[in-house]
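Here is what Swiss-Prot records for this protein:
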{"type": "TRANSMEM", "residues": "13-33", "note": "transmembrane segment"}
{"type": "TRANSMEM", "residues": "55-75", "note": "transmembrane segment"}
{"type": "TRANSMEM", "residues": "96-116", "note": "transmembrane segment"}
{"type": "TRANSMEM", "residues": "123-143", "note": "transmembrane segment"}
{"type": "TRANSMEM", "residues": "149-169", "note": "transmembrane segment"}
{"type": "TRANSMEM", "residues": "178-198", "note": "transmembrane segment"}
{"type": "TRANSMEM", "residues": "201-221", "note": "transmembrane segment"}
{"type": "TRANSMEM", "residues": "247-267", "note": "transmembrane segment"}
{"type": "TRANSMEM", "residues": "274-294", "note": "transmembrane segment"}
{"type": "TRANSMEM", "residues": "326-346", "note": "transmembrane segment"}
């Protein structure tokens with residue numbers, strides 16, 4: 001990618017997201033989504049290869065289809081109700097089409113097949129943007145429409161996403177695909193609580209972004225993209241050996257780490273609404289996520305490579321790029337649970 005084009009591309013991505021998040025008019029919301037989508041395609045092909053080109057095409061086709069469905073829903077809602085504001089989407093069919101379009105953009109099941117493939121075909125940092133920043137605009141639309149969503153359809157999509165994300169990551173050895181399936185599971189948890197308490201969705205999204213950003217930065221420091229490369233952490237960057245397992249356990253939602261907080265408050269919210277079967281099912285299925293995180297932890301801190309030349313301790317470690325925000329992110333990833341009452345009081 002041309003260095004001169006990078007500021008323009010990233011500025012367009014951020015501007016498109018902010019236009020969508022801050023707008024209450026359907027036309028400007030759609031324009032922001034299109035700006036964001038078209039500017040993100042060069043980021044996916046930052047390192048030109050057949051795999052990245054394929055990933056960009058898959059991303060474009062999926063997002064363009066979702067945008068077409070969204071535009072059709074916006075126009076039909078305007079024809080039937082005469083309203084352009086997002087909070088006045090009263091037509092049931094328009095609401096269903098908008099939910100379908102947003103599920104495609106978020107990568108929720110059964111529209112999730114593009115997420116692992118696109119994430120696998122991009123560099124780690126582009127994958128980080130795909131799984132974090134690109135979720136903000138669709139979730140903001142769902143947040144503003146939370147009062148007019150079809151609860152049964154949303155819960156069905158959420159449970160399907162949790163199942164697809166948990167089962168899909170079981171036999172994977174590619175770290176980017178594992179994190180993509182983890183993202184699908186987290187999207188299911190966020191959308192499940194949206195009709196009951198939208199603020200809990202925002203809390204879940206914030207913690208998810210912190211955990212995912214920390215994980216990607218640690219893997220990028222180690223240049224790890226597979227479980228085999230992850231097992232070389234101890235003799236390449238020794239100080240990462242305790243940090244990667246703790247981050248992965250938090251991403252899996254194990255108490256007393258930060259990742260347990262969103263699952264705790266979501267289950268509590270369902271309990272307040274006299275719903276026990278749905279959160280129990282979600283929690284049991286999510287245990288599969290914890291299983292494949294434990295596999296990664298085993299590869300990082302316990303497994304030794306069979307090649308003797310690769311397992312010798314290096315006498316001089318590699319210099320890594322400075323990451324000033326990483327200590328703060330690691331602290332937030334592991335130690336945020338004790339201040340959760342204060343966070344819940346703000347919400």
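Please read every residue number as a count from 1 along the shown chain.
Note that Cβ sites are derived from N, Cα and C of the backbone, with glycine treated the same way.
Contact between the transmembrane segment (274-294) and the transmembrane segment (13-33) is not supported, since fewer than 3 Cβ pairs fall under 8 Å when only residues 6 or more apart in sequence are counted. For the transmembrane segment (13-33), the residues of the chain that approach it from at least six positions outside its boundaries are 39-40, 43, 67, 70-71, 74, 77-78, 84-87, 105, 129, 133, 136-138, 140-141, 144, judged by C-beta separation under 8 angstroms. When each of 55-75, 96-116, 201-221, 247-267 is checked for Cβ pairs under 8 Å to the transmembrane segment (149-169), 96-116 comes out on top. Three or more CB pairs closer than 8 A are found between the transmembrane segment (247-267) and the transmembrane segment (178-198), so contact between the two stretches is assigned (pairs 6 or more residues apart).
The stretch from 55-75, 96-116, 123-143, 326-346 that makes the most Cβ contacts under 8 Å with the transmembrane segment (178-198) is 96-116. 201-221 is the stretch from 55-75, 96-116, 201-221, 326-346 with the greatest number of Cβ pairs below 8 Å to the transmembrane segment (123-143).
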